Amino acid sequence: MVDAVVTVFLEKTLNILEEKGRTVSDYRKQLEDLQSELKYMQSFLKDAERQKRTNETLRTLVADLRELVYEAEDILVDCQLADGDDGNEQRSSNAWLSRLHPARVPLQYKKSKRLQEINERITKIKSQVEPYFEFITPSNVGRDNGTDRWSSPVYDHTQVVGLEGDKRKIKEWLFRSNDSQLLIMAFVGMGGLGKTTIAQEVFNDKEIEHRFERRIWVSVSQTFTEEQIMRSILRNLGDASVGDDIGTLLRKIQQYLLGKRYLIVMDDVWDKNLSWWDKIYQGLPRGQGGSVIVTTRSESVAKRVQARDDKTHRPELLSPDNSWLLFCNVAFAANDGTCERPELEDVGKEIVTKCKGLPLTIKAVGGLLLCKDHVYHEWRRIAEHFQDELRGNTSETDNVMSSLQLSYDELPSHLKSCILTLSLYPEDCVIPKQQLVHGWIGEGFVMWRNGRSATESGEDCFSGLTNRCLIEVVDKTYSGTIITCKIHDMVRDLVIDIAKKDSFSNPEGLNCRHLGISGNFDEKQIKVNHKLRGVVSTTKTGEVNKLNSDLAKKFTDCKYLRVLDISKSIFDAPLSEILDEIASLQHLACLSLSNTHPLIQFPRSMEDLHNLQILDASYCQNLKQLQPCIVLFKKLLVLDMTNCGSLECFPKGIGSLVKLEVLLGFKPARSNNGCKLSEVKNLTNLRKLGLSLTRGDQIEEEELDSLINLSKLMSISINCYDSYGDDLITKIDALTPPHQLHELSLQFYPGKSSPSWLSPHKLPMLRYMSICSGNLVKMQEPFWGNENTHWRIEGLMLSSLSDLDMDWEVLQQSMPYLRTVTANWCPELESFAIEDVGFRGGVWMKTPLHRT
């Protein structure tokens, strides 16, 4: 990944030299020399990345170069911080004057001298590497084709090809089973064959959903214990029990399933330790049609779980026709799966033949080509690269790994760093997308291009990996926005191997720059890794980290730490004391404390975190106060205080954080002692705003137009939980959201009729609308538009609105572009084309949803 490290560094250096020339004048010569050498070396670094896999000398040289660039980048940040480059103009001006102080001269000289030494060492590495690459000149540097080709996911991961027969067969087994017996089925086959996909198709089938009162999905990693598996089953049943012993857990499972027809899927079971199976198997109730599906790569596992041979399904490779169809669905996803260029069809079929019918391989190569230019010479180059990777393989598994290696090799440089962060997460872990994106921004992996903001560019990176089928979507919102994801275990194997060789991360936590915190964390891993750049909570759903306060003291030894995510953690001391220690980490750019306890307030010492760009304290229910020093974080891009129920208001001065792109959980003050809504109008870079409005006096009359000129704002969420008073309804009704708004969410709205501005005339660009909970009974007349004015809404969600009355036909007439409607717990919407709308509800879809 040295090409990724160099690319990120060059981008930062270029920006600093162009925009901050005065503050780096002491080091300008060294930076320019460094920039020149690295630009030249970019021309062969990608080839060096490939060749180092078989050349020990090259591997060592590339590793040395990577470490030198890391050090140069750290010096660069030190220079910026020392010169006051934190976005605060007054501080920057004063800091520049302080550079003239005699006490500063030795420090400046030391940094300048070290940059000079790094330059000399890099020049030497260049001379040693050059002989491996002939005819290389700086003009040979190619661009990363497809880097910005798609800014949102294009390929629909729910599309399934060639597995209809498999699904039909399994459903027949389930429906014909003897209810008096426990049915055990096994899906057996190599990784990447589609076992999990078949199980998901069956699990999510409507007929299966109606037949089984309880459906449970458990991802069984190689390191799972019987206790973890039992707790996972209980979480599927809505029970987040803690502290119980195994016997109690098993009895609870029995109680939940007794008298119910149930289906349990045990996905990806390995044969290393199956002692857990006997207890669970013996404890499962019989006599009401219970069924268990086990997916595994091992025939011995199928026998061990007592799956009869006639109930063991062995998926076959895809046929040539289905292989081509799946490839087209991915590679030509932007063209509805149609290949319209004969020259691409020929080379495409040649590539598909090399995939040998393996779905994971086909999707990986198809996703790669989706993101490349659709021209013959580029596809021919990829075909030859693929052939090189396949050479010498002796098994189907080798072929899958070769396709994944090809996909990694062909990634744009910055996406290589992004994908390697997934090496930190445990097997089968469901990963929050925002955690990934925030970490990428904090570490500087995200390239801001084509006028895209930092957060938008971070989303683009995620889409780039999703379109390449390297990340699998787990959960989406009604609007198609991805919430959580995961990676296939074979993709995980690849990124762990690369990350370990490049000292990015290491499962043993040694000699690396990134660590994942999960469960009871071994603090020694921090002690032996003082060069850490990222520490991320990788706890699985429903679990927490239990950390002690001594950990904070060890964090302070990692002075170059950029990302610290200790979300979903419980500490044995007040978190303010721990944050007091963390405040010394001046390179810190991303700090996540989401769902961390006990956090009551931030310490004043946090004012020293001048490099902070992302601060996430969402779901900290005990947080009562934000220190005024938060307004000093002039680089802040994201401030998330969602669901901080005890927080009274924000401090004055939030309006000075003009780089903010995302502000969530914002509670306008009820008095002049805190931040008023009027300050928000200064945040002209806002893309996403979440308001918490509970009292009418949070908004003054003269503040009602505070949102109208936020020209970049795309999403607004208004949460009125625990509100009272007609005055609040009047104030919300008089607000003026900006016309270009793309997505709107109303939660716990107290009014009986919709706000007057909720109309296609006032919000002509609105694409997604969500109204959840509250007292809404009807929509005001402007909501329905007229024959000349219609909504452009594509996605609508209505939830927990017990009194809302709305006609389905009238709704469709006013929303002609509607593609999907999600509705539940809305008993008065009887005319809707959604089954059980008054209870669990469902989704109506006109056509497959594509984000525009």
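Placement of Cβ uses the backbone N, Cα and C atoms for every residue, glycine included.
Because the structure is a prediction, the values reported are computed rather than measured.
Checked against Swiss-Prot, the range among 17-68, 277-328 recorded as coiled coil is 17-68. According to DSSP, LYS195 (ADP binding site) sits within a helical segment.
Cβ atoms under 8 Å from those of the repeat 'LRR 1' (558-581) belong to residues 74, 77, 435, 438-439, 442-444, 517, 526, 529-537, 539, 543-549, 551-552, 587-603, 605-606, 616 of the same chain, restricted to positions at least 6 beyond its ends.
Counting other Cβ atoms within 10 Å of each Cβ, the binding-site residues LYS195, ARG297 show the lowest value at ARG297. Packing against the repeat 'LRR 4' (683-706) from elsewhere in the chain are residues 453, 455-456, 642, 654-655, 657-670, 676-677, 712-728, 730-732, 734-736: each is 6 or more residues past its ends and has a CB under 8 Å from a CB in it.
DSSP labels the residues of the repeat 'LRR 2' (585-609) in these numbers: 5 helix, 5 strand, 15 coil. In this model, the coiled coil (17-68) carries an average pLDDT of 76. Long-range Cβ proximity for GLY189 (ADP binding site), meaning a same-chain Cβ under 8 A and a gap of 6 or more residues, is found for LYS195, ARG297, ARG314, PRO315. Taking DSSP states H, G and I as helix and E and B as strand, the repeat 'LRR 6' (798-824) has 7 helix, 7 strand, 13 coil.
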